Amino acid sequence: MPAPSAEVFDRLRNLAAIKDVAARPTRTIDEVFTGKPLTTIPVGTAADVEAAFAEARAAQTDWAKRPVIERAAVIRRYRDLVIENREFLMDLLQAEAGKARWAAQEEIVDLIANANYYARVCVDLLKPRKAQPLLPGIGKTTVCYQPKGVVGVISPWNYPMTLTVSDSVPALVAGNAVVLKPDSQTPYCALACAELLYRAGLPRALYAIVPGPGSVVGTAITDNCDYLMFTGSSATGSRLAEHAGRRLIGFSAELGGKNPMIVARGANLDKVAKAATRACFSNAGQLCISIERIYVEKDIAEEFTRKFGDAVRNMKLGTAYDFSVDMGSLISEAQLKTVSGHVDDATAKGAKVIAGGKARPDIGPLFYEPTVLTNVAPEMECAANETFGPVVSIYPVADVDEAVEKANDTDYGLNASVWAGSTAEGQRIAARLRSGTVNVDEGYAFAWGSLSAPMGGMGLSGVGRRHGPEGLLKYTESQTIATARVFNLDPPFGIPATVWQKSLLPIVRTVMKLPGRR
């Protein structure tokens, strides 16, 4: 299967929220596998963002008035269109992001499952709910959920469909509009998803894609939005959080990670070695929840290292637009430089390469072998800093207690993986880890795919959560409507104020003793 045609890019380009697309300066988009130009994308400005917000605000008012079930119907139609167009979407993901096809398919599965989940649960989550009134039988209290308004989304290049539209879907079903800045390396992945949303019946002004540099477009979105969702580095997330704080708007972010795996005695090492190749090297390690540190109890460390090293050396790298390849490319020269730098620094300081360890320009300009290191010391760059590439280090430990201590010895806390002799033991270990998600007998997919449960990070790994009820309700303002029935707190029925005030405390104490009040 080839990369998408020029006609496809011409069609998608016109969906960008930019006036006079043909007259704008452009940025070249390359096919990652070859480094050859695919197409160009117009570069948006702050004025484009402001225009998109003006149109979005006008459209959002009507959208919020539509019944939730109608908004959900749009998302269901979008889900069905993703299923129908999955091969095209995978082609585009491979061309623009350099993924192996199975890694591209992970994104498609997420788009479908995410849309299905929020379309299914949004009516119940957003319906008004009763709350305990001040005085039972005399008052009525209801909690309603109002949309924030226009949500800003700033998305990364590594999962350019999942982390654009899947963060936007709950905002849209909650009654908001969205203005989104895709990463400059992968704008067409965002535009392709937007096209399907428009075809599903979403008014175009409600979902505006503005490509352009973060310093311009990202800043303008942060200046104008009513809520900001960001996925990217911890450093950038910190700056955006400060900006959002000054504006007193809500902010949610999934940020970096240095994710650990613990392998305890009794674990099935053949199974762990196979699963760890996916856990560590999905999307060439360019996955915020992928594993970069493996802690193995000493008496099984040698056997595990041998089995895992063999599995990694057998991985197939390639540029095929089919399922014959195990790992694709890094996305940019910057990523290749970081990965090479971390490995070179480690080996120069005494680390041992068990598998991989070098670039593969014979396959493509940005390919790097999946790499396994041992003898990694704290002073090495890869020991504590996120590589965000196909590099993982193995650390033998005396026991599970030491493994947990070292796994938690980080400022990050996004994802973790545990493998033990039994599910119960794995769950006990998992509960000791300081991490937003922990997978037992799996690397990352089960926690990510549990869409009814929250997903996010602790520490420098993020603020807030996506997925689950939290992933939708964060895009709303809760509104309490309390109604006084019969009488309010003024003296009723002509009772003198002095008598009424003396009666209030006994009344409150009586109410506190009612069922459900203690």
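Positions of Cβ are set from backbone N, Cα and C atoms, glycine also.
Long-range neighbours of ASP183 (NADP(+) binding site) (same chain, six or more residues apart, CB within less than 8 Å of its CB): SER155, PRO156, TRP157, PRO160. Sequence annotations record features per position, and here Swiss-Prot assigns NADP(+) binding site to TRP157, ASN158, LYS181, PRO182, ASP183, SER184, GLY232, SER233, LEU255, GLU386.
The active site, proton acceptor annotation in Swiss-Prot covers GLU254 and is backed by sequence analysis. Its own atom aside, the Cβ of GLU254 (active site, proton acceptor) has 26 Cβ atoms within 10 angstroms in the protein chains shown.
Under DSSP, CYS288 (active site, nucleophile) is assigned to coil, being neither helix nor strand in the three-state scheme. Residues or ranges marked as active site, nucleophile in Swiss-Prot (evidence: sequence analysis): CYS288.
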**Fill in**
Across every protein chain in view, the count of C-beta atoms other than its own within 10 A of the C-beta of GLY232 (NADP(+) binding site) is 22
**Request:** Using only the Cα atoms of TRP157, ASN158, LYS181, PRO182, ASP183, SER184, GLY232, SER233, LEU255, GLU386, which the record gives as binding NADP(+), return the largest interatomic distance in Å, rounded to a whole number.
**Result:** 24
**Item:** Alpha-carbon distance [CYS288 (active site, nucleophile); GLY232 (NADP(+) binding site)] in Å
**Value:** 9
**Prompt:** Cβ distance under 8 Å to LEU255 (NADP(+) binding site), same chain, sequence separation 6 or more: which residues?
**Reply:** THR231, GLY232, SER233, SER234, GLY237, CYS288, LEU414, GLY457, LEU460, SER461, GLY462
**Request:** Please work out the number of neighbouring Cβ atoms within 10 Å of the Cβ of TRP157 (NADP(+) binding site), leaving out its own Cβ.
**Result:** 22
**Request:** Fewest other Cβ atoms within 10 Å: which of the recorded positions LYS181, CYS288 wins that one? Let me know.
**Result:** CYS288
